[in-house]
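Structure first, then comments.
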């Protein structure tokens, strides 16, 4: 796991330090960094393509509709700047993103898991690549499972598929509460669960009470294909943590660039000239 031990020995320390500083100022960034890693890996693989900016003749992934609410780009920028100052051209943005997500989860009281390194950065980022790759919020369980199977993940790995909401499967009191926040289709926000800055299993316990904010989430409990897994995660936090670590390891290996594929970007928002 100590891939940068000789070439950039303080790489993981630098990532951890910058992530820690960011979470001190805004604890909600923990979930944002995890989501950023997820949205990167599901489109073309874990190659930091989600970090690339759009250009005059190309709309990048980050500006696709499914990615409009992504946050944490500036945290990745600060990490990369610090790494380039210490060991230029060594640590890939894809590895930075994977490490930042892991450290953010741990700092939010989640599990600490090993992150295999040596990813390379992609040079392509196109908004249309997100259309079929990212799970929409209204997919039923069968279609969600199919999307995850496309990247060699199974039903146990479906820990993250959130974008928007519907209300037909929600608890009545939650619908009323959300109605006071989201009046007339405005842009008000609401937390996914009551411990939105802490990594825990409350999300799954909320699903068993029909308090899942998104239809793609609540359908995980409503469907017989996944109801048992949701119940197990709700009742056994240790099992949830173990399954999460297994899922993150698998997700972090999706379609990696190897050999001469890709590059090590000097800045995460642009490809090398």
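All positions are counted from 1 along the displayed chain.
Every residue, even glycine, has its Cβ placed from backbone N, Cα and C.
Sequence annotations record features per position, and here TrEMBL assigns active site, proton acceptor to 39. The Cβ of residue 39 (active site, proton acceptor) lies under 8 Å from the Cβ of 50, 61, 66, 67, 70, 130, 134, each of these being in the same chain and 6 or more residues away along the sequence.
For residue 47 (Ca(2+) 1 binding site), applying a Cβ distance below 8 Å and a minimum sequence separation of six or more within one chain yields 40, 94, 119, 120, 121, 122, 255, 256, 257, 262. If you look up TrEMBL, you'll see 40, 43, 45, 47, 49, 61 marked as Ca(2+) 1 binding site.
Residues annotated as substrate binding site in TrEMBL: 135.
Residues annotated as Ca(2+) 2 binding site in TrEMBL: 193, 200.
Per TrEMBL, domain 'Plant heme peroxidase family profile' is recorded for 1-272.
Marked as site 'Transition state stabilizer' by TrEMBL: 35.
In the structure as shown, the Cβ atom of residue 43 (Ca(2+) 1 binding site) sits within 10 Å of 28 other Cβ atoms. Surrounding the centroid of the Cβ atoms of 40, 43, 45, 47, 49, 61, where the record places Ca(2+) 1, the chain contributes additional residues within 8 Å, namely 39, 41, 42, 44, 46, 48, 50, 122, 125, 129.
When secondary structure is read from DSSP and collapsed to three states, residue 61 (Ca(2+) 1 binding site) falls in the helix class. The Cβ of residue 49 (Ca(2+) 1 binding site) lies under 8 Å from the Cβ of 40, 43, 60, 61, 121, 122, 124, 125, 129, each of these being in the same chain and 6 or more residues away along the sequence.
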